[in-house]
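Per TrEMBL, the features are as follows:
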{"type": "TRANSMEM", "residues": "144-165", "note": "transmembrane segment"}
{"type": "TRANSMEM", "residues": "177-199", "note": "transmembrane segment"}
{"type": "TRANSMEM", "residues": "233-254", "note": "transmembrane segment"}
{"type": "TRANSMEM", "residues": "266-289", "note": "transmembrane segment"}
Amino acid sequence: MDANLRFWRAEGQSFFQRFLLWADVLDPLLLLKSSDEIRRTRLLLQNSGKTLSEPIQNDQTKRAFLLSLSSVHPDTDKIIPILFRPPAFLPMCLPLVIASSLQLQAKQIFFCQFVFHTYTTGFTLLNGNGTVKVEENVLQQKQIFYGLGAISYAACIGALPLLFMNRYTLKSSVTQLVVKKLLPAPLLGLMTAFTVAVVRSPEFENGIEVMDRNGKVVGVSQKAGEKAVKETALSRAVLFGTTFFLPGLLTYFLERAKLAKTPRTLASLRMFMITSVLAGMLPVSLSMFPQCGEIKRTDLEPEILSSTEETELFYNRGI
């Protein structure tokens with residue numbers, strides 16, 4: 001089992017533990033570390049032979065693990081491109097989310113959401129489970145093809161309500177409320193979950209590796225892949241659905257109460273609320289499910305049941 005997964009098993013048993021870990025892992029300062037320093041850290045962790053049966057007390061060792069968690073894929077042992085590492089997710093997504101929240105014209109919304117879904121899909125692709133299931137080039141081509149289709153579809157769905165409203169000149173207050181205040185949050189949440197499911201579909205089509213407590217791979221399971229993708233898609237939907245819903249709701253009440261004196265003040269408050277909610281919800285959404293996922297042996301395929309006596313098996317859920 002990779003050092004990252006061993007660390008998550010030992011240190012991330014509860015939601016609160018995972019939340020605190022993700023708050024540290026998402027530190028943007030970790031992006032400043034060089035590739036050579038990351039490789040040295042990985043080599044140190046791999047050669048240390050730590051069982052991690054107890055929580056780590058050494059701060060230096062914990063910092064080394066945080067750098068590894070923030071920079072290295074646990075399945076491939078490769079350094080993740082800097083813009084798609086977990087600490088880069090908030091700085092990259094924030095301006096895209098703010099731009100997508102501006103209810104301007106349908107073409108502008110389509111463009112903003114196309115760029116947004118392109119980034120989040122690339123992040124999903126590079127941080128998903130890395131089990132080699134079929135010919136690598138064929139798999140990458142398939143995932144890229146699926147991803148482009150999902151991105152285009154998601155961007156179209158995001159722009160469709162405003163396009164429909166403008167096309168048929170529906171300007172009533174109820175229509176404005178539904179299209180501009182109520183629909184964006186569930187649509188963005190659903191579409192981000194949809195893109196996760198599509199780009200990671202090879203994981204539940206071909207399966208992912210499952211391991212015993214000692215890290216020995218006992219088989220490749222489609223059911224574990226399905227569970228990993230569902231959990232990740234749900235966490236992504238919660239993240240962006242909440243990020244759109246709460247600021248929209250608070251902005252609506254500010255408008256009704258006339259607390260914001262000018263449109264510029266209201267826009268500034270909305271951007272501040274989006275920033276605050278996204279920053280707070282990111283570690284929450286990532287902590288919803290264990291990073292080193294667990295699945296009961298009885299829930300797996302018959303061929304895996306016959307290959308081990310372990311009651312619980314483990315897998316990399318991906319991000």
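Cβ coordinates are placed from backbone N, Cα and C, and glycine is handled just like the others.
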Same-chain residues near the transmembrane segment (144-165), Cβ under 8 Å, at least 6 residues beyond its ends: 100, 103, 105-107, 109-111, 113-114, 117-118, 121-122, 125, 171, 175-176, 178-180, 183-184, 187-188, 191-192, 194-195, 198-199, 201
Same-chain residues near the transmembrane segment (177-199), Cβ under 8 Å, at least 6 residues beyond its ends: 100-101, 103, 113, 117, 120-121, 124-125, 128, 143, 146-147, 149-151, 153-154, 157-158, 161-162, 164-165, 170, 229-230, 232-234, 236-242, 244-245, 248-249, 252
